[in-house]
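Worksheet: one structure, shown below.
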Amino acid sequence: MNFILLTGGLILGWSLGANNTADIFGSAVGSKMVKLKTALTIAAIFVILGAVLQGSNTTKSIGELGKINAIGGAFTVCLATGLTVIWMTRAGFLVSITQALVGGIVGWSLFAGEIVNVGSLTQIIKAWIIAPLIAFLLAFLLYKYLHKLQSKVKINLFTIDYLFRLAFMILGAFGAFSFGANNIANIVGVYIFSNPFKNIYIGNLEITAFQILLFVGAMSIALGILTGSERVMKTVGEKILKLSPLAGLVVVFTQAIVLLLFSSDVLRKILMLLHLPTLPLVPVSSSQVVIGAMIGIGLARGAGRLINFKVLKDIALAWVITPISAGILSFVMLFFTQNVFQLTVRHPIRYTLNKEVIQEIEKLGIDTSQLKTLQGKIFENTANARNTLLSLGKYDKKQIYTILEYMRIDSIVIDTSKLREINLKWFTPEEINEIKKLHRKVYIHSWEFKNELLKSPVFTQKITNLEGKKDFEKQFELLEFLFRKPYK
């Protein structure tokens, strides 16, 4: 049954491939530099490679957004998101699948009475704003420079044509790889707390359950690319702004770079070392990136009047309608999934207010006098715990969210054999040794695990500066995800 419920994610993957291939090769096809079949083949192959090899970096942000802990809920959210995107794609809209999925997850949170992870949601929304702005600026500057360079370099037309076609295919492959790495989170992120796969061993080779999940999601995207992307590709390639070969090339390159910036932990570390602002590793809307790049090119060409703002208006409208539609559809479908088909769409999350929890909350500077009246109580679900805190009339929404995070019963079980399932380049050998010392320990709350790590000088020395603190938080997020016991 669990594998059947993966079909929701597969439908979503098909929708992503059908709708967003335009962001990879639409400009190349629109400028007549790459044939449609060639573009589709390259995109399908490199999307799979990017998802499998680099897809883990962005997946957790989606998984943490709503913490959908039952595969029936993950199935329904994916199905609602996929159906929303399919409907809007068939209507000719260029939609953001990330926005659709976020809407679907919020719909689940409202139905389940759970709380949306404000931190993850804030990072994702920031990325929606920052990504197209970066694309706009990069495309504007890059087009200005390359256009000036092209006018100075004297090369015959046949050579120029050959170089452009070659560059489109190379950068398109790069863009597809970045797309797979960044957007696979939209397909498998909601399944990370209810992954139905198990590790596979072939001789000395181990393929983890998470890697299998990434591969299955990537295959569904590739299928969508090959079977349903032609119509939307024409929207990007021809309707928004008529593209010259140079402009098309700039769009492909810009899209690849921006997606990589929001996907690569290596680039993030480089920015930290250079004391530059870092970008969150979250899935971003590739369609928004491409639109930002096209506007930048239009202004760089002095051809702002040629930009089809009516199409842009329709796309902007779709960006508003998409999350709302997905959220409503998700809520309605969850009701039928639970009450008609009798499938579990959520496992209740329990909360407790013991002495240790109150002491930790007190360290944050939050007045705990009212909380002490609830000491020793256990709450069987989020709604009950939240409503009880609200009834105290003492805490604002942000404080209530923080208190609930400390109250939540997580069940962290340290099994260091699982370390092979994550990217260990985030850790030094000394840090790995400190983690191994905690093997077989059990923590009721995730903050207890964090405090235990910070007892080690190896980690306490790291958090003495801002870059080190950010690095430690990333490490802890990975470990918390790895060692959290699945909800039952």
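Residue 1 is the first one shown; counting continues down the chain.
Note: Cβ is positioned from N, Cα and C throughout, glycine not excepted.
TrEMBL annotations: computationally assigned, not manually curated.
Here TrEMBL flags 33-53 (among others) as transmembrane segment.
Within its own chain, the transmembrane segment (65-87) is flanked in space by residues 2, 5-9, 11-12, 14-16, 18-19, 95, 97, 100-109, 112, 114, 116-117, 120-121, 124, 187, 189-191, 193-194, 196, 322, 325-326, 329-330, 333-334, 337-338, 343-347, 349, 486-487, which lie at least six positions past its ends and keep a Cβ under 8 Å from the stretch. Look at TrEMBL and you will find 65-87 (among others) tagged as transmembrane segment.
Residues or ranges marked as transmembrane segment by TrEMBL: 93-112 (among others).
The transmembrane segment feature in TrEMBL is assigned to 124-146 (among others). With a cut-off of 8 Å between Cβ atoms, the residues of this chain six or more beyond the transmembrane segment (124-146) that come close are 61, 65, 96, 98-99, 102, 246-247, 249-251, 253-255, 257-258, 261-262, 279-280, 282-285, 288-297, 299-301.
Sequence annotations record features per position, and here TrEMBL assigns transmembrane segment to 166-193 (among others).
For the transmembrane segment (205-226), the list of distant contacts is 6, 9-19, 21, 40-41, 43-45, 47-48, 51-52, 55-56, 59, 180, 183-184, 187-188, 191-192, 195, 197-199, 420-421: same-chain residues at least six beyond its ends, Cβ to Cβ under 8 Å. Annotation comment: TrEMBL describes 205-226 (among others) as transmembrane segment.
Among the features that TrEMBL reports, transmembrane segment is placed at 246-267 (among others).
The transmembrane segment annotation in TrEMBL covers 279-303 (among others).
As annotated by TrEMBL, transmembrane segment applies to 315-336 (among others).
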Stretch in 33-53, 93-112, 246-267, 279-303, 315-336 most in contact with the transmembrane segment (166-193), if contact is a CB pair under 8 A: 33-53
